[in-house]
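Enquirer: Handing you a structure now.
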Amino acid sequence: MLIYAKLALTALFWGGTFVAGRLAAQEVPPFTAAFLRFVCATLFLTLFLKRSAGRLPRPATGDWPVLALLGFSGVFAYNAFFFSGLKWVPAGRASLIIACNPAMIALFSALLLKERLGAFRLLGVAISVLGAFVIISRGDWKALAQGGVSRGDLLIFGCVASWVTYSIAGKRAMARLDPLCAVTYSCLLGTLFLSIPAHLENVWKDLSNYSWGAWACLFYLGFFGTALGFQWYYEGIRALGPSRAGVFINLVPVSAVSLSFIFLHETLSPSLLAGAILVLTGVYLTNRRQSP
């Protein structure tokens with residue numbers, strides 16, 4: 001029962017990152033927010049990895065290029081888009097766009113890695129994409145055609161593109177490295193990448209200007225939303241297997257929308273609810289186990 005509780009809490013933590021990110025983005029510049037988040041995350045991940053392995057494993061020389069790609073795509077690029085987008089886009093809306101990740105990963109894995117897609121997964125991809133369009137159009141297709149996609153929505157779609165890149169590259173890294181090890185070192189490299197634009201945003205000069213609320217959000221994002229979340233998620237994979245543990249990922253957008261409604265008082269429009277149903281249905285079909 002404990003492992004199920006941990007996985008459910010992980011989904012809650014990850015849903016809460018959209019609320020914390022939305023709040024932090026109103027006060028902290030995007031690269032600075034991402035940098036401070038991953039300074040915290042990398043510190044705790046390193047402690048978790050050392051406790052788990054008994055020492056800090058050292059990746060082979062040939063693993064560093066793919067770890068650098070993981071750090072750039074999943075940490076640097078994803079979080080730059082995440083914090084920039086959440087300055088403009090409501091947290092619940094952003095979470096439902098990003099909920100298309102599994103469908104997009106399945107699609108590009110089929111295109112680039114020649115993985116089998118199958119009829120149900122292909123249908124899931126199509127339904128998820130339809131749901132995303134319902135969300136970004138707010139149910140008004142004509143307005144979308146005339147006005148195009150908003151800047152904030154484009155930034156959140158950048159999160160999707162970044163995570164697809166991270167996930168496809170990660171399949172190669174995870175085949176050779178322990179997942180927690182790969183995540184820790186990719187976070188370390190991503191933090192180094194983020195330090196440069198964060199420095200240009202005067203990260204060190206402005207630290208005293210942020211409110212306690214902003215610091216609490218950044219700590220939440222670093223510890224609960226990254227370090228502890230990944231630690232518990234990989235514990236779930238080891239105990240239950242990737243398919244059963246992965247089911248809990250479907251709870252992330254549900255928790256994000258619920259928490260956004262409770263803490264940010266975001267409205268649940270009919271188009272948002274319709275898009276959410278389509279996206280979650282598509283994700284279910286995409287993750288559905290196929291017959292051999």
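Indices start at 1 and increase along the chain as displayed.
Each Cβ is built from the backbone N, Cα and C atoms, and glycine gets one as well.
The domain 'EamA' annotation in TrEMBL covers 7-136, 151-287. The transmembrane segment annotation in TrEMBL covers 34-52, 64-82, 94-113, 120-137, 149-168, 180-200, 212-233, 245-264, 270-287.
Please go over these features one by one and say how buried each is and what sits next to it.
Expert: In the predicted model, the domain 'EamA' (7-136) has a mean pLDDT of 91.
Same-chain neighbours of the transmembrane segment (120-137): 93, 96-97, 99-100, 102-104, 106-107, 143-144, 149-150, 153, 271-272, 274-288, 290, counting only residues six or more beyond its ends whose CB sits under 8 Å from a CB of the stretch.
Within its own chain, the transmembrane segment (180-200) is flanked in space by residues 29, 31-32, 34-36, 38-39, 41-42, 45-46, 48-49, 52-53, 57, 59, 67-68, 70-72, 74-76, 79-80, 170, 173-174, 226, 230-231, 234, which lie at least six positions past its ends and keep a Cβ under 8 Å from the stretch.
Listed as Cβ neighbours of the transmembrane segment (270-287) (distance under 8 Å, sequence separation of 6 or more from its ends, same chain) are residues 92-93, 96, 99-100, 102-103, 106, 120-121, 123-135, 137-140, 243, 246-247, 249-250, 253-254, 257.
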Enquirer: Three or more CB pairs closer than 8 Å, sequence separation of 6 or more: does that hold for the transmembrane segment (245-264) against the transmembrane segment (64-82)?
Expert: no
Enquirer: Please report, as numbers and ranges, the same-chain residues at least 6 past the borders of the transmembrane segment (34-52) whose CB is under 8 Å from any CB of it.
Expert: 28, 75-76, 79-80, 82-83, 180-181, 183-184, 187-188, 190-191, 194-195, 198, 203, 218-219, 221-223, 225-228, 230-231
Enquirer: Sort the residues of the domain 'EamA' (7-136) into helix, strand and coil with DSSP and give the three counts.
Expert: 108 helix, 0 strand, 22 coil
Enquirer: Cβ pairs under 8 Å with the transmembrane segment (94-113): which stretch of 64-82, 149-168, 212-233 has the most?
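Expert: The stretch with the most close Cβ contacts to the transmembrane segment (94-113) is 149-168.
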